[in-house]
């Protein structure tokens, strides 16, 4: 549910009298590679809404900074500001956008409640949104043996384990430094600790991956129904019908994340769930999807480089001017390039012609 702000925060404008919802600026605080943020940004793109976006870097712990915790006491992205309204949590933001922008020029992603398609879209949206994506993400990093062709580098396992300890210490320190946010920081610390205990449990991970397969079986069956309902000369359908809906937003972003994590080959391809495979290939060609999420092979490099620039900007002493900034950027850029080159090298080796001795 949207809440009102008593004063301007983060540069958010108060609603001006006489202005329509469409005329009031939308401001989104997000992280480009956050799963929840991607769903919201895809909805904004599909609805062709104008929105001012601010990247809140999770690797740099910007979501734990006091200014952001005052926007959202859970310290999680995304957060949407629309005039005096502050809306947190992806599902609530998406519902707010769908219920607020009702003019004829703005595409609707949810059928009318009286429509035969409404319960179908709502069912698959709720089913897909209930998947524990944070557990899949942390789990594949902590236990890469459960994945195949994961695009997350091996060093990340050690890195995330050390970062967990650092984050707990950081939250404790922030709680002491900001008495007004003490409860919020302590609550976040407890949630983090509880989640990561589960996410580091192999038995739990195997259980939720088995449950994921059952969900994807339902999706595969639904996609097959769409194919059977559609005449040969008809338009190719989406998950719940001819239109791209909120159920498709959830499914498209989920499949893209599973591909990045290394769970794609386990769930589709090589004759397994062919409708799901065809659906994902079609989604990749969708203009709005490419604009928001891009190619799966570019996710790692597009996460590293902006973070490198932010680190350089934050740490560079002003007295030394641009020389140090350029140096830091070059160093961090080189680090990102080396990560990219390592993956590219393996691709080149695979394509290199083998000598023929016969």
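Each residue, glycine too, has its Cβ placed from N, Cα and C.
Since we're looking at a predicted model, the values are computed, not measured.
The following features are taken from Swiss-Prot:
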type	residues	note
CROSSLNK	50	ubiquitin cross-link
CROSSLNK	172	ubiquitin cross-link
CROSSLNK	173	ubiquitin cross-link
CROSSLNK	188	ubiquitin cross-link
CROSSLNK	190	ubiquitin cross-link
CROSSLNK	203	ubiquitin cross-link
CROSSLNK	206	ubiquitin cross-link
CROSSLNK	207	ubiquitin cross-link
CROSSLNK	214	ubiquitin cross-link
DOMAIN	24-105	domain 'GST N-terminal'
DOMAIN	153-309	domain 'GST C-terminal'
MOD_RES	203	N6-acetyllysine
REGION	320-358	region 'Required for mitochondrial localization'
TRANSMEM	292-312	transmembrane segment
TRANSMEM	320-340	transmembrane segment
Taking helix as H, G and I and strand as E and B in DSSP, count the residues of the domain 'GST N-terminal' (24-105) in helix, strand and coil.
32 helix, 17 strand, 33 coil
Counting other Cβ atoms within 10 Å, pick out the least crowded of the recorded sites 50, 172, 188, 206, 207.
50
For residue 214 (ubiquitin cross-link), which of the recorded sites 50, 172, 188 has the nearest Cα in space?
188
Residue from 50, 172, 190 whose C-alpha is spatially nearest that of residue 207 (ubiquitin cross-link), among the recorded sites:
190
Could you measure between residue 188 (ubiquitin cross-link) and residue 173 (ubiquitin cross-link) for me? Cα positions, answer in whole angstrom.
13
Fewest neighbouring Cβ atoms within 10 Å: which of the recorded sites 173, 190, 203?
203
Average pLDDT across the domain 'GST C-terminal' (153-309)?
90
I'd like the Cβ neighbour count for residue 214 (ubiquitin cross-link), meaning other Cβ atoms within 10 Å of its Cβ, all protein chains included.
8
